Amino acid sequence: MTNLSAGPFRNEKALARLRKRRAADTRFRLYGLSAIGFALAALSLLVFSIGAQALSAATYHVVKYDVVLDAAVIAPKGKDTPDQISRNVDGFYSLVRENLKDTFPDARDDRRSSRELGELMTRLAVLPTARKVADNPTLMGQKITITAPLNDDLDLYLKGAASPQKKVKLGKVVSVEAETGRTYRLAGPAAFKVIESLVSAERFEVGDAVDRQSILLTTGATTGKISDVTTDSAVIDLLTGNADDFKGATPVARLIGIPQSERNVTDQQIAWTLALKDMGRISRVPHLSLLTHTDSTYPELAGALAAIVGSLLTMFVTAFIAVPIGIFASVYLEEFAPRNRVTEIIEVNINNLAAVPSIVFGLLGAAVFLGFFGLPRSAPLVGGLVLALLTLPTIIIASRAALKSVPPSIRAAALGVGASKMQSVFHHVLPLAGPGIFTGAILGMARALGETAPLLLIGMVAFVADVPSGPTDEATALPVLIYSWSTNAERAWEPMTAAVIVILLMFLIVMNGIVVLLRRRFERRW
Amino acid sequence: MVQQLGHLPMGWLMLALLAMMASGAFFVGRVQAERFSAAGSGRFHSRPNYHGYYVAMWTVVPALVMAMAYGLLGDDIVRALLRRELPASFSAMPPIELSVYLDSISRAASQGGFSGSDRIFSAITNRFLELQGVIKTVTIGLTTLCAGSGFLLARRRVAPGFRARNKVEGGMEAFLFLCAAVAIATTVGIVASLLYESLRFFAQVPIWDFLLGTRWNAQTSAEFGALPLFFGTFMIALIAMLIAAPVGLFAAIYLSEYAGPRVRGSVKPILEVLAGIPTVVYGFFALLVVAPTIRTIAVWINMTLINAGVTSEPFLAAQPTSALAAGLVMGIMVIPFVSSLSDDVINAVPQTLRDAAYAMGATKSETVKHVVLPAALPGIIASLLLAVSRAIGETMIVVMAAGQRARISADPTADLTTITVQIVALLTGETEFDSPKTLSAFALGLVLFVITLIFNLIALRVVQKYREKYD
């Protein structure tokens with residue numbers, strides 16, 4: 001037995017080299033792992049960031065208004081046909097505004113606060129009620145409860161998404177003294193210690209000016225804004241409610257990080273909203289209007305219904321054209337085409353077409369379908385045609401793979417019992433390739449459903465307020481709606497856009513789920 | 001009366017007519033063949049159904065040709081007839097105005113006639129409806145005539161010895177060929193429309209000014225120097241490939257060489273999910289998460305550099321939308337295009353090559369680096385080329401996250417614009433097909449098409465050669 005350490009593979013230099021090589025191997029493996037880790041991390045970041053946004057749009061706040069449908073307001077003489085009633089936004093809105101003013105009588109005197117109060121609800125939000133009354137005139141003069149969405153900025157505020165806010169519970173307030181006007185001095189031993197320490201540490205500035213941060217003091221339906229504070233007492237400007245409510249109460253302080261001048265909602269509006277919430281008139285409900293409403297310029301009223309219908313119509317046109325043509329084309333290329341130059345050109349051409357940028361198909365649609373044939377702009381018909389041409393190569397390639405996987409023995413057997421070529425293909429090969437072709441078609445349709453760029457070029461980006469009823473009506477599609485909502489400036493559109501993305505992804509997941517099921521069920525190894 | 005005929009719903013009418021004629025002809029052909037065979041007049045070559053199909057084919061095809069001719073030319077014929085009858089004052093109108101006027105007439109006519117106060121307009125609309133009625137009636141008559149004569153001719157040939165099946169199958173094969181030719185027609189359509197509109201554009205703007213000019217301002221003033229767009233496109237594609245190439249390649253190597261079947265089976269589909277997410281979703285992700293983060297980091301770098309006294313001015317542009325944000329997200333999107341095709345080609349490298357390397361004492365990474373990758377190189381290059389072509393043609397991510405400003409800047413946090421962004425910007429909204437603004441979009445499209453075509457052709461050729469090598 002020779003001593004191993006003396007051998008050529010066991011001396012120090014060789015061992016060091018071996019270690020180095022092994023370390024290089026481990027490093028290489030780690031590069032691979034981190035590449036996969038990066039891809040998976042990117043995917044999960046994408047899913048979670050959009051999912052979190054979408055979740056906050058899954059519910060929204062609605063306000064209840066008890067109003068009497070006064071015929072003199074909503075259907076004055078000369079404007080009382082059902083059609084006019086259904087469009088009488090001003091009349092219905094004034095009922096709601098009166099109701100708000102009855103709830104907060106202080107806002108009556110001042111024009112500015114009266115306008116701010118009105119902003120709690122968008123005027124157009126009364127339209128469903130107006131239509132209901134127009135359809136059912138017996139409601140006139142009765143007392144009904146209108147449920148309408150809260151202003152989108154206040155909705156975001158209540159969801160805690162509008163501005164950083166800190167909520168602290170304070171000590172017991174013992175006395176309330178009225179000072180000038182609506183200013184009150186609240187006192188209680190060490191009641192305001194928390195706020196005082198934050199303010200003196202210059203984490204917060206207080207005061208009346210709009211460019212200062214705000215500290216709102218709330219108990220029940222009463223809210224005031226702190227303008228000066230010590231450990232034992234605070235001076236507040238009463239925003240809404242009754243200052244005597246603070247006596248004996250342990251109020252909640254809301255420290256809002258963004259000054260009023262940089263927010264879309266005023267302290268006054270927040271105070272009213274908190275009061276309405278305390279009265280139980282605001283409730284958080286599932287955001288079903290996202291599925292049942294059409295597009296709107298107000299985020300709280302907007303929904304994706306028109307885009308969903310537009311997408312479905314477009315997909316019908318696409319499927320109706322691309323699937324049969326794709327199947328027939330692949331049957332020809334796989335079963336009948338003679339091996340010659342023409343076939344070769346068609347094949348290279350199809351492979352190329354599958355890699356042509358989708359926006360080029362949009363240019364084709366704009367120049368040929370809109371410019372040359374004069375088809376209507378923004379119509380699902382044109383969108384469907386363009387997407388059909390776009391998905392055709394995908395479907396042809398998938399169908400050819402499916403046809404290729406049917407073994408030649410099937411064809412030989414059919415031909416052997418006297419079938420013609422056409423009969424062997426259509427009676428035997430095609431049915432056997434069916435599931436594969438079908439999955440290819442669904443995958444092609446899934447790709448088409450997510451396409452945006454070609455639809456932009458043929459004008460499907462228009463604002464569509466009505467649900468399209470046919471393939472030649474003006475329409476938009478889900479991915480285009482995502483694009484146009486994401487370009488809107490208001491913050492409230494962000495979660496809404498994310499929610500529409502989730503709807504779109506649901507459709508895609510269902511389609512891909514069908515593909516997986518089909519593969520499991522019908523996959524056959526010859 | 002003739003005016004009422006103008007409202008005929010031609011689409012549905014033609015469809016119903018064709019369906020009726022087809023089924024009628026089929027039954028006539030079939031029944032006739034059955035009658036022959038019942039009479040025992042010799043052996044039939046084809047089954048009765050095929051005779052039915054044959055007659056139906058000869059009935060429908062001529063009718064279909066007529067219907068398509070109407071669809072293509074009907075409106076133009078009506079307009080040409082109407083224009084000849086218009087009073088002399090109309091011939092003084094510029095052609096564009098006239099066609100707009102005729103458009104409004106045909107719109108009014110399709111909404112059931114005009115009942116306003118403009119008497120000339122309503123008279124012309126009514127006359128338009130009359131002419132339409134005439135043309136529609138004539139079309140229906142001609143269609144029926146064509147179908148009828150086709151039917152009669154075909155029916156006379158139904159006989160025991162007639163090889164109906166062969167004829168029907170011949171027709172069917174021709175139809176299949178037409179379907180396959182749709183793909184060719186699409187390419188021809190793309191090339192023709194892009195070339196036609198581009199040539200009109202280059203008649204107004206010299207081609208070299210377009211390709212080499214550095215000032216792009218198509219929306220407001222007529223400046224069509226597209227070099228900044230090309231720069232932006234390649235810059236963003238480069239950033240994307242800097243992400244996608246290493247990540248995709250290493251992921252493919254790991255999955256095919258290191259990972260066990262279970263890891264491979266679960267990771268591969270997840271990577272492919274990245275390819276299935278619509279690009280508009282990536283765009284939103286870039287806008288919502290990536291672009292603000294990059295801006296924050298860029299601002300922080302600026303502050304640090306200024307505080308450290310290295311510069312006195314902000315070093316990075318730190319725009320709210322940036323080339324880096326778009327490129328980064330596009331890189332993530334392109335990863336599966338690189339990894340999936342590379343994975344295929346790496347798997348196609350014969351196991352014998354690896355075994356030979358191991359037998360020489362090579363470690364796994366050495367085998368991959370010195371044996372597998374060189375063998376798979378052509379395929380990998382092809383996958384990278386396809387990914388580049390994908391990145392260049394990608395639209396929604398750059399539209400949402402790259403910006404609109406045409407400029408040449410190496411700063412990745414500046415906003416750049418790309419070919420696709422400008423195409424979208426130029427063609428959304430109201431478009432007239434005559435202004436150089438609209439036409440420039442087609443010139444950009446042509447450039448985009450040619451570039452991606454070159455990448456695709458090379459890649460496809462390489463893949464084909466490579467397949468032949470190891471098959």
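Here the Cβ of each residue, glycine as well, is placed from N, Cα and C on the backbone.
Taken from TrEMBL, the feature transmembrane segment applies to B:12-31 (among others).
Positions annotated as transmembrane segment by TrEMBL: B:52-73 (among others).
Marked as transmembrane segment by TrEMBL: B:134-154 (among others).
Among the features that TrEMBL reports, transmembrane segment is placed at B:175-196 (among others).
Positions annotated as transmembrane segment by TrEMBL: B:229-255 (among others). Residues 216, 263-264, 267-268, 271, 323-324, 326-328, 330-340, 342-343, 346, 368, 372-373, 380, 383-384, 387-388, 391-392, 398, 402, 406, 408, 410, 412, 416-422, 444, 447 of the same chain sit 6 or more residues outside the transmembrane segment (B:229-255) yet have a Cβ under 8 Å from a Cβ within it.
Taken from TrEMBL, the feature domain 'ABC transmembrane type-1' covers B:230-459.
Annotation comment: TrEMBL describes B:267-291 (among others) as transmembrane segment. Cβ atoms under 8 Å from those of the transmembrane segment (B:267-291) belong to residues 251, 255, 259, 320-322, 325-326, 328-330, 332-333, 335-337, 339-340, 343, 394-397, 399-401 of the same chain, restricted to positions at least 6 beyond its ends.
Cβ atoms under 8 Å from those of the transmembrane segment (B:323-342) belong to residues 232, 235-245, 247-249, 251-253, 255, 268, 271-272, 274-275, 277, 279, 282-283, 285-286, 290-291, 294, 376, 379-380, 382-384, 386-387, 390-391, 394, 397-398, 401-403, 412-416, 463 of the same chain, restricted to positions at least 6 beyond its ends. Per TrEMBL, the feature transmembrane segment maps to B:323-342 (among others).
According to TrEMBL, the feature transmembrane segment maps to B:371-392 (among others). Remote same-chain residues near the transmembrane segment (B:371-392) are listed as 233-234, 236-237, 240-241, 244-245, 248-249, 253, 257, 330, 334, 337-338, 341-342, 344-346, 348-349, 353-354, 356-357, 362, 419, 448, 451-452, 455-456, 458-460, 462-463, 465-466 (criterion: CB distance under 8 Å, separation of at least six residues from the stretch ends).
Residues 190-191, 193-195, 197-198, 201-202, 210, 226, 229-230, 341, 345, 378-379, 381-383, 385-386, 388-389, 392-393, 419-420, 422-423, 426-427 of the same chain lie 6 or more positions beyond the ends of the transmembrane segment (B:441-463) yet place their CB under 8 Å from a CB of it. For B:441-463 (among others), the entry in TrEMBL reads transmembrane segment.
Same-chain neighbours of the transmembrane segment (B:134-154): 2, 5-6, 8, 10, 13-14, 17, 21, 25, 28-29, 54-55, 57-63, 65-67, 70, 74, 77-78, 81, counting only residues six or more beyond its ends whose CB sits under 8 Å from a CB of the stretch.
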